[in-house]
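Novice: The compositional bias 'Polar residues' feature in TrEMBL is assigned to 329-342. Annotation comment: TrEMBL describes 159-274 as domain 'Phospholipid/glycerol acyltransferase'. If you look up TrEMBL, you'll see 323-342 marked as region 'Disordered'. Here TrEMBL flags 93-118 as transmembrane segment.
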Amino acid sequence: MLELMNKPFLTSQLALFPHHFRTPQKSLGTSAMESSGASSFLRNRKLESLLNAGSIETFGVSSKASAKEEVGYRPRTDGYVDDDGWLSELISWIRIAMCFLSMMVTTFVWALIMVVLIPWPYERTRQGNIYGHVTGRLLMWILGNPIEFEGLEYADEKAIYICNHASPIDIFLIMWLTPTGTIGIAKKEIIWYPLFGQLYVLANHLRIDRSNPTAAIESMKEAAHAVVKNNLSLIIFPEGTRSKNGRLLPFKKGFVHLALQARRSIVPIVLTGTHLAWRKGGLHVRPAPLTVKFLPPIKTDEWTADHIDEYVEMVHDMYAKHLPGSQRPRASNTVARNNSVS
């Protein structure tokens, strides 16, 4: 099992479930999905769609729809049919139940492993990553979303990984895809999540008090020290919270502070479609096609503390360039202009 979890296994293992995991030879988009046959799950939903034809809404792009998006309407994208009929709801609940049970089993098993490994901190971090690889991949297989990958050659870097955040699915994906030897940063309250929170702490991941800027800065320094001392990578959501409608939120400055202190490159991970597959505040998962794109590492060797705002804006603009129009930020909502780091 340990061999399966090493990062080199990722590319070779994608072919095991061709209907879910694809590495496209062309640009992101549903056309690549259709030509590769990765959308078979969506095709299997035709019977369900006939039963619930009245509840089908084809998402197009219009200025009127964009305005409504801000007040709680469903996120929209081209070429995806969103079916909320009774059969779709039933399938969704079954998938969620399977995910919950699977996660409880793997979390319990690895919690026991972590207790045994208490005297060996680095091995606990490594086992925490293996837990993430196993659990994240398993949960994504259960959910059944077709996935396209790009830039997997950048997934083995010792780096500060950053990722846009619009869905619980994002967490499953980064658990699966970040390399062994990666720690994360989460809100301090995560410790109260049964089993998972305790496993998170045992794996030496870091917690941050988002309500206390001074403590947050100290946590960032601690994270940078841990990365350098133990030759680790780190994963962080630069938006600091989940987007409600999939649109990119302003970036906090924490990831730049980390890069400056740890002198690590920054590897952006761009996720698209996850906000359609599992929306914030809901328990209905949908088979929306997803894309995962690792961008080339951004070198930070010559960065200085005098230009932090410029670096934040540069990386934010890079994300906006690689996201579809439905996930790009509003013109007035690009970069967080404050001193927050988390």
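The backbone N, Cα and C atoms fix where each Cβ goes, glycine too.
Those TrEMBL annotations? Automatic predictions, nothing curated.
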Novice: Would you mind splitting the domain 'Phospholipid/glycerol acyltransferase' (159-274) into helix, strand and coil residue counts from DSSP?
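Specialist: Per-class counts: 50 helix, 26 strand, 40 coil.
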Novice: Just to confirm my parser: what is the rounded mean pLDDT across the domain 'Phospholipid/glycerol acyltransferase' (159-274)?
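Specialist: Mean model confidence (pLDDT) across the domain 'Phospholipid/glycerol acyltransferase' (159-274) is 91.
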